[in-house]
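Q: The heme b b562 binding site feature in Swiss-Prot is assigned to 83, 182; the stated evidence is similarity to another entry. Residues annotated as heme b b566 binding site in Swiss-Prot, with similarity to another entry given as evidence: 97, 196. Annotated ubiquinone binding site per Swiss-Prot: 201, in sequence order. The transmembrane segment feature in Swiss-Prot is assigned to 33-53, 77-98, 113-133, 178-198, 226-246, 288-308, 320-340, 347-367; the stated evidence is similarity to another entry.
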């Protein structure tokens, strides 16, 4: 009798994706982040579901309902902080996953890469709307500032903003719809992740060397299942350390003050994982220009495969490109730092330089470095 996991229509899909999947024998720990993102997503959906059971999306009670969850609901505090810090872990894994893709040339799978970009945008939208729900000062003003950016759209801008708000300011209608979208989007992310995986399994995984590995494949189970379990344990260890020892480390103290439309916080800033994009937005004095730069800071990933000029796929054997890659990492860390600083000298100048360098690296310097490396190999 044939094994049921190989014959049953549903079990067969799972078997071909997680058990008998042929995987390259040399993929490193940088390939763990796909499974870690899956774990993060499931964790966020589960904790979010339990939070939604007690949360009320009304401007008068939203802040109180979150307080109620933390004070009165059984283990509500841990669910709330696991959800809030789970988002941070999610984005850490996301950035490392994208960074891995850039370094090892995984973007040469165009369908997988493009679905990944859509996933990144969707996750950022979900996180933004989730940040609005506790209805603290930073929630309210963050929502006001970011949605207001759409008013930069020529001709229809103002109408567009009021349509999203459901009125003439961020109010009850805005909060209710943000809650509805924040609830549904993770399930859309789940579906997109399945498509992401589907496209990946059409080609098979890339590997650190960037060389086709068809001649040297090993079964996913038990080798990579046990490796993923180790990654998952480390992820949960980091998350729970954060949740149990310093749950508010990555949050903003202003969000413990209920939203007040009459009092603006001294420094409006988003969560840490949006600071790099926020810094790019603020670096451009023109409103529409800033909004375009903000969108392009992520959308630029879509042109990376088109600008791949190297004869090699991976950066593993390309020292010049490696230097530029790590310069890009340092640049993004600089932008993250600048995004959290007030708009004054010298932060404005540093932010503008870092923003220019970011686009220069991806659009100009890296493709040129690849061409230089190609010519060096001909000597």
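Note that Cβ sites are derived from N, Cα and C of the backbone, with glycine treated the same way.
Can you walk me through where each of these features ends up in the structure?
A: Packing around residue 182 (heme b b562 binding site) is summarised by its Cβ count: 21 other Cβ atoms lie within 10 angstroms of its Cβ, all protein chains included. In this structure, residue 182 (heme b b562 binding site) is part of a helix by DSSP.
Counting every protein chain shown, the Cβ of residue 97 (heme b b566 binding site) has 20 other Cβ atoms within 10 Å. Under the three-state DSSP scheme, residue 97 (heme b b566 binding site) falls in the helix class.
Classification of residue 201 (ubiquinone binding site) by DSSP places it within a helix. Summarising the environment of residue 201 (ubiquinone binding site), the number of other Cβ atoms within 10 Å of its Cβ, over all protein chains shown, is 14.
Remote same-chain partners of the transmembrane segment (178-198), defined as residues 6 or more beyond its termini with a Cβ less than 8 Å from a stretch Cβ, comprise 17, 34, 37-38, 41, 44-45, 48, 52, 55, 57, 112, 115-116, 118-119, 122-123, 125-126, 129-130, 132-133, 143.
Within its own chain, the transmembrane segment (226-246) has Cβ neighbours under 8 Å at 29, 32-33, 35-36, 39-40, 43, 78, 81-82, 85-86, 88-89, 93, counting only residues six or more beyond its boundaries.
Through the fold, the transmembrane segment (347-367) approaches residues 279-280, 282-284, 293, 296-297, 300, 303-304, 307-309, 321, 324-325, 327-328, 331-332, 334-335, 338-339, 341 of its own chain, all at least 6 residues removed from its boundaries and within a Cβ separation under 8 Å.
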Q: Can you tell me how many other Cβ atoms are located within 10 Å of the Cβ belonging to residue 83 (heme b b562 binding site)?
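A: Other Cβ atoms found within 10 Å: 21.
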Q: Could you round the CA separation between residue 97 (heme b b566 binding site) and residue 201 (ubiquinone binding site) to a whole angstrom and send it over?
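A: The Cα atom of residue 97 (heme b b566 binding site) is 17 Å away from the Cα atom of residue 201 (ubiquinone binding site).
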Q: Can you tell me the CA-to-CA distance separating residue 83 (heme b b562 binding site) and residue 196 (heme b b566 binding site), as a whole number of Å?
A: 24
Q: Could you give the residue numbers and ranges of same-chain residues that sit at least 6 residues beyond the transmembrane segment (77-98) on either side and whose C-beta is under 8 angstroms from one of its C-beta atoms?
A: 30, 33-34, 36-37, 40-41, 43-44, 47-48, 50-51, 66, 69-71, 116, 120, 123, 127, 130, 235, 238-240, 242-244, 247, 250-251, 271-273, 301
Q: State the residues, same chain only, that lie 6 or more residues beyond the ends of the transmembrane segment (33-53) and have a CB under 8 A from a CB inside it; answer 'none' if no residue qualifies.
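A: For the transmembrane segment (33-53), the nonlocal Cβ contacts are 69, 79-80, 82-83, 86-87, 89-90, 93-94, 96-97, 100, 130, 182-183, 186-187, 189-190, 193, 197, 228, 231-232, 235, 239.
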Q: Looking only at C-alpha atoms, tell me how far residue 201 (ubiquinone binding site) is from residue 182 (heme b b562 binding site), rounded to the nearest Å.
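A: Between the Cα atoms of residue 201 (ubiquinone binding site) and residue 182 (heme b b562 binding site), the distance comes to 29 Å.
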Q: Sequence gap of 6 or more, C-beta under 8 Å: which same-chain residues meet both conditions with respect to residue 196 (heme b b566 binding site)?
A: 112, 115, 116, 119
